[in-house]
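The structure under discussion appears below in the form of structure tokens.
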Amino acid sequence: MSEGRRLFINSTWIIGGKITQTLISFIMGVLVVRYLGPRDYGTLNLAMAYSTFILPICTLGINNIIVNELINYPKREGVLLGSGIGMRCLTSSISILLLAIFILLTNPENINLQLISFVYSFVLLFRSFDLFDYFYQSKLLSKISSVISVIGYIIASIYRVFLLLNKSDVVWFAIAYVLDMFIVSLLFLIMYKKNGGELFFNMQIAKSLLSKSYHYILSTFMVVVYAQMDKIMIGGFFDEKQVGLYSTAILICTVWTFVLQAIVDSVRPTIIEIRKIDYNKYKDYIVLLYSFIIWISIFVSIVFCLAAKPLVLLLYGDAYLGAIEPLRIITWYVSFSYLGVARNIWSVCENKQKYEKYFACSGAVANLTLNLILIPLLGINGAAFASLLTQVITNLLVPFLIKDTRENAILVVKGMNFFYFKRSICSYFIK
């Protein structure tokens, strides 16, 4: 089977699985958000923000390098996966305990937030097994990952329907996320074992993985700072209701980003392979990826700006009218955000991982500064502006200022050429 054919089939399975999961998620999300209301939905999102805040410590940055390792050392897959999962299970368990203590100390009177945060934090433990997803990506076998993810989400969605029918408390909806990740983790493990796979932990391999991924720990943590700090600061300046409105705006504008993530995940192994063979073709693929992200995001953002009010009213009702303006602002941050996600492929191929932490640190500083200034002045609209400006600074401005990453920034600018985008798309599919 040709390279293009394998890539197309792999992309189709990833996108197909994501479409199925997103459709179910969208329908369930509308029902759950309407049922909970802005305040309870805000509390749930605040709890999720706290857990996401410590996610980089749990993942150890391994996600960013595991595909490259599996492609370069296919005979080591058992020890690579086993060592990675083992390290992540350990750090996740410790992180869950520390997070519980932190929330207890910082929110001593908010029992509801304490309980929801503790329950949801177990998602971190089960996410350790998502390395299997990257394993199947490296083999261009995303069909397996897609089917497993859809099965897990369908079961969790059935559970959510049960909760809605029984008018359950918000804490039970936090359990739904844990149930989803538990089922997916279990199915990944069963499938891997069924196909004869073995998992081994090796301290030397673990140290090797950590030595290559530690650049991403700090960078991912900083990304999380400017991805989640806005919700935490909104909760501090205002209340859970405002967090709920802001989270709804983000939920709407990111509902389609599975397409971008699926494309990035699907082309990653191919771009890594092509880098070894044909450097010019490799750069063409990078520009094609950037062009797709930029122009598709622009089109979607225009649609969201024009349809924001009827969309919010139709889906969530009058209670969420406050989400309209932040939606019109924050939708524009998606393209810059996913340019950063795609840049990770270039960083791995060019061995420029060390610069990721500089991008992330600059983003965290910019976001904290902008949020401190804009949230008191403009409320949740200020948080939306801060998020947009942060992505521009992190994924366009700063890479231009650093000599070793300027080439990537130039590739991004090249991807802004719409005519190049059209020619690249046509050439890609003809091949």
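Here the Cβ of each residue, glycine as well, is placed from N, Cα and C on the backbone.
Residues annotated as transmembrane segment in TrEMBL: 12-36 (among others).
What TrEMBL records for 48-67 (among others) is transmembrane segment.
The transmembrane segment feature in TrEMBL is assigned to 79-105 (among others).
The feature transmembrane segment is assigned by TrEMBL to 111-132 (among others).
Nonlocal intrachain contacts for the transmembrane segment (144-165), taken as residues 6+ away from its ends with a CB within less than 8 angstroms of a stretch CB, comprise 13-14, 16-18, 20-21, 24-25, 28, 31-32, 35, 132-133, 136-137, 172-173, 175-177, 179-181, 183-184, 187-188, 191. Look at TrEMBL and you will find 144-165 (among others) tagged as transmembrane segment.
Residues or ranges marked as transmembrane segment in TrEMBL: 171-192 (among others).
TrEMBL lists 213-229 (among others) with the feature transmembrane segment. Beyond the transmembrane segment (213-229), the same-chain residues lying 6 or more positions past its ends with a Cβ under 8 Å from any Cβ of the stretch are 49-50, 52-53, 55-57, 59-65, 340, 353-354, 356-361, 363-364, 366-368, 371, 387, 390, 394.
Annotation source TrEMBL lists transmembrane segment at 244-264 (among others). Taking Cβ pairs closer than 8 Å, the transmembrane segment (244-264) reaches residues 11, 14-15, 18-19, 21-22, 25-26, 29, 33, 36-43, 45, 230-231, 234, 289, 292-293, 296-297, 300-301, 304, 311-312, 315-316, 320, 322-324, 326-327, 330-331, 334, 338, 341-342, 345, 380, 383-384 in its own chain, all 6 or more past its ends.
The transmembrane segment feature in TrEMBL is assigned to 285-309 (among others). Nonlocal intrachain contacts for the transmembrane segment (285-309), taken as residues 6+ away from its ends with a CB within less than 8 angstroms of a stretch CB, comprise 252-253, 256, 259-260, 263-264, 267, 270-271, 274, 324-325, 327-328, 331-332, 334-335, 338-339, 342, 345-346, 408, 411-412, 414-418, 420-421, 424-425, 428.
Residues 64, 223, 249-250, 253-254, 257, 260-261, 264, 267-268, 271-272, 286, 289-290, 293-294, 297-298, 300-301, 304-305, 352, 356, 359, 381, 384-385, 387-388, 390-392, 394-396, 399, 408, 411-412 of the same chain lie 6+ residues outside the transmembrane segment (329-346) yet bring a C-beta within less than 8 angstroms of a C-beta in it. Per TrEMBL, the feature transmembrane segment maps to 329-346 (among others).
The transmembrane segment annotation in TrEMBL covers 358-378 (among others). Non-local neighbours of the transmembrane segment (358-378) in the same chain are 218-223, 225-226, 229-230, 233-234, 237, 340, 385-387, 389-391, 393-395, 398-399, 402, 405; each lies 6+ residues outside the stretch with a CB under 8 Å from one of its CB atoms.
Counting residues 6+ beyond its ends, the transmembrane segment (384-402) has Cβ neighbours under 8 Å at 226, 230, 246, 249, 325-327, 329-330, 332-333, 336-337, 339-340, 343, 355, 358-360, 362-363, 366-367, 370-371, 374-375, 378, 408-409, 412 in the same chain. The transmembrane segment annotation in TrEMBL covers 384-402 (among others).
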Quick one: find which recorded stretch in 48-67, 111-132, 171-192 has the most Cβ pairs under 8 Å with the transmembrane segment (79-105).
111-132
Do any residues, 6 or more residues outside the transmembrane segment (171-192), come within under 8 Å Cβ-to-Cβ of it, and if so which ones?
32, 36, 44, 47-48, 81, 112, 115-116, 119-120, 122-123, 126-130, 132-133, 135, 144-145, 148-149, 151-153, 155-156, 159-160, 163, 199
